[in-house]
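Colleague: Reproduced below are the annotations present in TrEMBL:
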| type | residues | note |
| --- | --- | --- |
| DOMAIN | 1-404 | domain 'Major facilitator superfamily (MFS) profile' |
| TRANSMEM | 21-41 | transmembrane segment |
| TRANSMEM | 47-71 | transmembrane segment |
| TRANSMEM | 83-105 | transmembrane segment |
| TRANSMEM | 111-132 | transmembrane segment |
| TRANSMEM | 144-163 | transmembrane segment |
| TRANSMEM | 175-197 | transmembrane segment |
| TRANSMEM | 218-241 | transmembrane segment |
| TRANSMEM | 253-271 | transmembrane segment |
| TRANSMEM | 283-301 | transmembrane segment |
| TRANSMEM | 307-327 | transmembrane segment |
| TRANSMEM | 348-368 | transmembrane segment |
| TRANSMEM | 380-399 | transmembrane segment |
């Protein structure tokens, strides 16, 4: 997670500067190298294993933003939603196939094959990328914003480490720990320093002009909320075991995540097609509505005491997340950003989603512990996420209508034409 956070803005900026094809192939290749490092890591040197995983996370940070930016480069505005929706469906399908395939591999081979299987897949992706991806890149030769990327990386690393060290069973007590507060304080200081650096940069790693748009601000906040909701789902198995100990155990509880993933796979392409017709505002509104309803359902004992209630809750949540994690947010940023900032804008969405995911475990753990743990604790935590989703729903009223979105796209296209 830490190196994924750092890799996302860096790879996104490099993609805008040096081209989608080059950076995408670099990301996939680095991911393959990271897999190799993990496979050949000596059992006595855990640090080598961590280096391999860090390489994988760093490389993965750029794959999704670059892929989304390519859609903006190659698809007209009236077809972008469908294309992004298809990516969301494939992403959801990977979540279904991945664990199943991993389980099969572990039954017939050693754990190293979980990472070795990435190599032929990466090779195929690299070959297809070289043949199919556009080779567009900036013709400007501006100095790279190294100070900006270093300060941003340090800020994200500080927040990530500090939040990760929080003890959810003793939330407020752990905040004064030397493993927590110095890192959170340093991250907070850099939060104010970083914008000052970017304003002076010739070619900033994160174009702060994007935040002049209310649409971008809302999309960033909504992405963080979506990440919060998504990451909170990892506690569903624990809630199920606590609520239905006679039926659910630690071996089969993880399957209760499947309704969420199935619903996301079904909902993503539908949401994408509807966006091409209705715009993002309505889709995001219904996404937050479904997320709020689903999280509230999870917090009700009358539903969590039976398997059908869990499945129904998960499916509703999945439909909501298909309108938040998938196409709509990326669609919004494609419309708001110019061609020169397209991948950086996609990286911004990925970054805020990761921030939401990062804070989720600490929030859910703290609320659950303060409510006494067990069923009551997790129910309280999901009730809080439901309230967050309801606030997100209110924020959607500030998003642009379909007509306003089309007007923004036309203005950006005219600006790009004039600059070229």
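Positions of Cβ are set from backbone N, Cα and C atoms, glycine also.
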Colleague: May I ask which of the stretches 47-71, 111-132, 175-197, 218-241, 307-327 has the most CB pairs under 8 A with the transmembrane segment (253-271)?
Modeller: 307-327
Colleague: Within this structure, do the transmembrane segment (144-163) and the transmembrane segment (21-41) have 3 or more Cβ pairs under 8 angstroms, counting pairs 6 or more apart in sequence?
Modeller: no
Colleague: Using Cβ atoms and a strict cutoff of less than 8 Å, what residues sit near the transmembrane segment (218-241) while being 6 or more residues removed from its termini?
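Modeller: Residues 211, 248-250, 253-254, 256-257, 260, 284, 288, 291, 295, 298, 304, 310, 314, 317, 320-321, 324-325, 329, 332-333, 336, 348-349, 352-361, 363-364, 368, 375, 378-379, 381-382, 385, 388-389, 391-392, 395-396, 398-399.
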Colleague: Give residue numbers and ranges for long-range contacts of the transmembrane segment (111-132): same chain, 6 or more residues beyond its ends, CB-CB under 8 A.
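Modeller: Sequence-distant neighbours of the transmembrane segment (111-132): 21, 24-25, 28-29, 31-32, 35-36, 38-39, 52, 101-102, 105.
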Colleague: Taking the transmembrane segment (283-301) as reference, which of 47-71, 144-163, 175-197, 380-399 has the most Cβ pairs under 8 angstroms?
Modeller: 380-399
Colleague: Determine which recorded stretch among 47-71, 175-197, 307-327, 348-368, 380-399 has the most C-beta pairs below 8 angstroms with the transmembrane segment (144-163).
Modeller: 175-197
